[in-house]
Amino acid sequence: MRLSIFLALAAAFISPATAIAPKPYLRPINSKQQTALAPALSNTQAVSSADAEAGVATRGGSAASGLSVAPLAILGGFLTHLTLGTLYCWGNFQSYLPPSMKYFAGLSGSGTPDSLYVIPLGMVFMCIGMPMSSFFQARLGLPLSMFFGSLLMAGGVYLSSFATTLASFMVTYAVMFGFGVGLAYTAPIVAGWKHFPARRGLVSGCILGGFGSGGFLFNMVGSALANPDKLALDPETKLFPSAVYDNFPGMLRRLALIYASMQVVGALLLKTAGLPAVQASSGKAAGASKYSSLKEAVFSKQFVLLWSCIMLSATAGLNTVSVYKMFGNQFPALKSDAYLAMVGGLGSVANGVGRTGWGILQDKLGFRTLFTFLTAMQAVAMMLYKYTVGNRTLFTGTTMVLFLCLGGNFAMAPGACGKLFGADMGPKVFAVLFSAFATAAIGGSAINKQLMGSLGFDAIFKVLAALSVLAGVTVGALGDA
């Protein structure tokens, strides 16, 4: 276990750095900028003539430093998103939640656990925090606003360890956690787009790869802290021994401290990278949008179609994140806490690493083509899911495919916003678009509540497959982004 955690940490630090290797950060300036800069260049020896011709400058660093520090923005964002993405760990962590906290009614509750609402509620507050992030970014700067939001999230995890009811737990682990994630989410993406304006899909994929990969890393860490002896559920009561539940508060406190430490490093890396002070000009202003205001953009046909596509498609993946362990625990071939925790971890790897791949492909193929492929693959996996329960390899592989498709939804959405609405308007539009993911999470939970007791998982999976197909049809009306 210790070796696997070490390897996961090593991979987490290396992958974003290798995806965008340091390249000469040379940006041409137009004739008007050259005329404006000429007096300053003639009166100082701080910038060499070669740098002046290339028009290289960075905020918070010298021209020479701009050649190598830009990828640090990607690495800092990736590292912070590793902690933000631990929202996905709830599908595994909720099994360690004490029985008295699984329902709002306490031990008298029954049926589908109310604790399933943690992820949907967290995403609702992500949607509330995300539009406010531009306010903090403008006043605090990108690194500090990212750190403030992420630290709020880590504080929510720490305070959750003192909760004794599900309602109080949700205030800190869903509301405070989700709001903090929303505030921190877009800052590194904005910085990365400014450094690499022609590679928005790759930038989004690399940074958001951390959000998906966090579940893999911290699923293992959390399980090792809560259930170090790998104790199994009692076949009759469906409960762990009391020692596992006793470890739950301590697990949260230790995780919160780890998250905060990583967030400090991530913010420092983003601050070190700075921002490019000279932007390229190619006739049309960089980052320009055909929409004059955010209101005009979000009421456009393009936004409505894009929102509908994301909402319909993301429901399947978000539902899988919440219920895969509950579904797997019903079958003898799959019933093992250690195995199902590993499945969630591998799914998170597919989610996280896959985001970089989705981003690269989006830059090459465009949003519509790639999204159509994603929804088709997701629909097939959803329909086949129930047939995999007799074989661990098939169940693991299908779960990974569904996590992979979820990562594709998250990875492609920011790039699509940047392409459709411009680099400056895109992040603001994405903050509103994120409500599609929250709606998908709530809708998935509602589907579970309505169908699980009467028709079971088979009916749920068929509905989710149908929604995926509908998303693939709807994207045809969007046009290629």
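Using N, Cα and C of the backbone, Cβ positions are placed for all residues, glycine too.
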- Item | Among ranges 86-106, 107-127, 338-358, whichever one TrEMBL labels transmembrane segment | 338-358
- Could you check which of 34-57, 394-417 is flagged in TrEMBL as transmembrane segment? 394-417
- Kindly point out the range from 140-160, 266-286 that TrEMBL annotates with transmembrane segment. 140-160
- Query: Would the transmembrane segment (429-447) count as touching the transmembrane segment (166-190), i.e. at least 3 C-beta pairs under 8 angstroms with sequence separation of 6+?
  - Reply: yes
- Of the listed stretches 140-160, 394-417, 459-479, which one has the most C-beta pairs under 8 A with the transmembrane segment (429-447)? 394-417
- Message: Within this structure, do the transmembrane segment (338-358) and the transmembrane segment (394-417) have 3 or more Cβ pairs under 8 angstroms, counting pairs 6 or more apart in sequence?
- Response: yes
- Message: As a test: from 140-160, 202-226, 338-358, 370-388, 459-479, pick the stretch that has the greatest number of Cβ pairs under 8 Å with the transmembrane segment (298-318).
- Response: 459-479
- In this predicted model, the domain 'Major facilitator superfamily (MFS) profile' (69-481) has a mean pLDDT of 87
- Note on the structure: Sequence-distant contacts of the transmembrane segment (202-226), meaning Cβ under 8 Å and at least 6 residues beyond its ends, amount to 1, 4-5, 8-9, 12, 15-16, 19-20, 74, 77-86, 88-89, 92-93, 96, 188-189, 192-193, 195-196, 244, 247-248, 250-251, 254-255, 258, 321, 337-338, 341-342, 344-360, 362-363, 403, 406-407, 410-412, 414-415, 418
- Message: Short question: most Cβ pairs under 8 Å with the transmembrane segment (370-388), which of 140-160, 338-358, 459-479?
- Response: 459-479
